[in-house]
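One structure below.
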Protein chains: 2
Amino acid sequence: MKQLKIIKIGGGIIDDAVSLAHFLQLFARVEGPRILVHGGGKGASEMLRALGLAPKLVNGRRITDAPTLDVVTMFYAGKTNKAIVAGLQQNHVNALGLSGADGNVIRAVKRPVREIDYGFVGDVKPAGVNAKLLGALLELGLTPVICAITHDGQGQLLNTNADTVAATVAVAMSQQFAVELHYCFEKNGVLLDVNDDNSVIDNINLASYAELKEAGIIADGMIPKLDNSFDALGQGVHKVIIGHALKINDSLKTVLCLN
Amino acid sequence: MKQLKIIKIGGGIIDDAVSLAHFLQLFARVEGPRILVHGGGKGASEMLRALGLAPKLVNGRRITDAPTLDVVTMFYAGKTNKAIVAGLQQNHVNALGLSGADGNVIRAVKRPVREIDYGFVGDVKPAGVNAKLLGALLELGLTPVICAITHDGQGQLLNTNADTVAATVAVAMSQQFAVELHYCFEKNGVLLDVNDDNSVIDNINLASYAELKEAGIIADGMIPKLDNSFDALGQGVHKVIIGHALKINDSLKTVLCLN
């Protein structure tokens with residue numbers, strides 16, 4: 001089976017033009033077919049404030065009302081996506097930017113209203129990913145650059161969690177490829193000691209993950225990230241790799257596998 | 001030779017959500033391979049003002065400085081392009097939004113500074129169009145939706161005239177297809193009497209165009225539009241059609257041919 005790398009970057013790297021340019025140079029050296037998935041950054045929040053649209057939070061979760069959706073669409077699909085695509089072209093990578101609406105690449109469902117009405121937020125499943133088209137675009141030598149704006153097929157765009165988009169695309173592409181899903185952030189990997197960036201755990205499998213949680217070594221914000229990663233592995237993703245965005249070609253990283 | 005329709009819409013139709021939705025329904029009924037090219041609308045100017053960025057004009061021409069480029073990129077490649085793509089998906093058209101950077105579809109040259117420094121404005125030539133990739137995307141059953149943001153291949157995005165983008169793409173695609181270039185606006189076509197919207201001139205060729213200019217029937221803003229159209233015809237475009245955006249499937253229109 002052919003390899004495919006799906007690499008997800010977040011706000012930390014996107015907010016800093018110098019870091020982003022460095023990352024794009026490193027990304028250009030990643031071999032073989034690859035897809036880049038990006039989140040937003042602080043820019044969208046700053047623009048919302050500049051336009052007098054205060055970020056709306058309920059229980060700490062952002063609510064995407066219509067004016068907020070407009071701004072995040074402009075920011076993620078317009079500014080950030082096109083900056084990344086132009087930067088990759090400069091590095092001789094034939095990048096093609098996509099929202100979920102483009103080529104019907106990711107069809108989502110507006111999150112049902114229960115205790116909280118999240119507004120125009122989309123939930124995604126692997127069946128909603130147009131894996132056939134993504135495969136055809138890769139076959140043309142293109143590198144898809146996906147932002148976390150999806151659509152419902154009825155003309156409505158939806159704001160979607162970028163980690164989830166990356167994992168869902170990874171699961172969907174696992175029918176055609178041996179997929180490595182890379183989550184890039186500002187640490188070198190999953191750490192034994194959160195205060196020591198050199199204490200990277202090289203490998204975690206389901207059994208050792210249970211032990212690390214039991215021992216309180218993996219806690220807080222890391223748990224949902226790793227739960228989602230093992231969930232993706234359970235659905236056919238070959239490997240999940242967690243590491244620093246500016247060290248994607250280094251061996252320093254945490255590799256997650258089921259066994 | 002296979003037919004290809006390249007349809008350009010401008011501000012008038014984009015600024016009004018009801019008209020745009022109507023246009024997209026009509027566009028969905030256009031048969032055969034097609035490409036949609038769109039300009040901006042008033043929205044970008046409104047957002048520039050809301051952000052305290054006054055539109056900068058020199059001799060009536062807009063200057064695209066760096067903050068202005070950011071906003072027009074967000075607006076054209078983000079908001080407008082994704083609204084059109086999601087609306088076409090709703091109408092069962094597998095639309096794929098593109099800036100010129102995406103897939104290196106349109107590489108431009110930053111306009112050289114002479115009397116006026118236009119800022120980040122791109123000039124395009126047919127040789128800068130990736131006609132091979134556009135052909136491959138059409139072959140996959142996709143409908144490219146192109147906004148008028150291009151790139152220079154060195155990481156710089158550039159604001160570009162949408163009429164020129166449409167004509168340049170039309171010329172470049174004429175090597176593979178018999179191209180019909182449709183310019184949609186708010187009139188029924190080229191009019192014998194500007195005050196009578198029913199006085200559409202059915203056909204204009206190079207000879208009759210010279211006569212109509214001589215007689216003062218075609219004047220002012222229409223002249224550069226028609227000059228550019230005949231220029232495209234001279235470079236291999238099969239037909240140029242000028243008509244109303246909400247009547248694209250009707251026979252009421254002006255057809256331009258060389259002979």
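Using the three backbone atoms N, Cα and C, a Cβ is placed for every residue, glycine included.
Because TrEMBL annotations are produced automatically, they should be read as predictions rather than curated entries.
Together with A:GLY40, A:GLY41, A:ARG62, the substrate site in TrEMBL holds one more listed residue from A:ASN104, A:ASN130, A:ASN159, which is A:ASN159.
Sequence-distant neighbours of A:ASN159 (substrate binding site): residues of the same chain at least 6 apart with a C-beta under 8 Å from its C-beta are A:THR64, A:THR68, A:LEU69, A:VAL72, A:THR73, A:GLY119, A:PHE120, A:VAL121, A:GLY122, A:ALA148, A:ILE149. Closest by Cα distance to A:LYS225 (site 'Transition state stabilizer'), from the recorded positions A:LYS8, A:GLY40, A:ARG62, is A:LYS8. Across A:GLY40, A:GLY41, A:ARG62, A:ASN159, which the record gives as binding substrate, the greatest C-alpha separation is 14 Å. Averaged across the domain 'Aspartate/glutamate/uridylate kinase' (A:4-243), pLDDT in this predicted model comes to 94. Taking the Cα atom of each, A:ARG62 (substrate binding site) and A:LYS8 (site 'Transition state stabilizer') are about 21 angstrom apart. Shown are the recorded positions A:LYS8, A:ARG62, A:LYS225; the one with the most C-beta atoms within 10 angstroms of its own C-beta is A:LYS8. On the backbone, the CA of A:GLY41 (substrate binding site) and the CA of A:LYS8 (site 'Transition state stabilizer') stand 13 Å apart.
Residue density at A:GLY41 (substrate binding site): 21 other Cβ atoms are found within 10 A of its Cβ, drawing on all protein chains shown.
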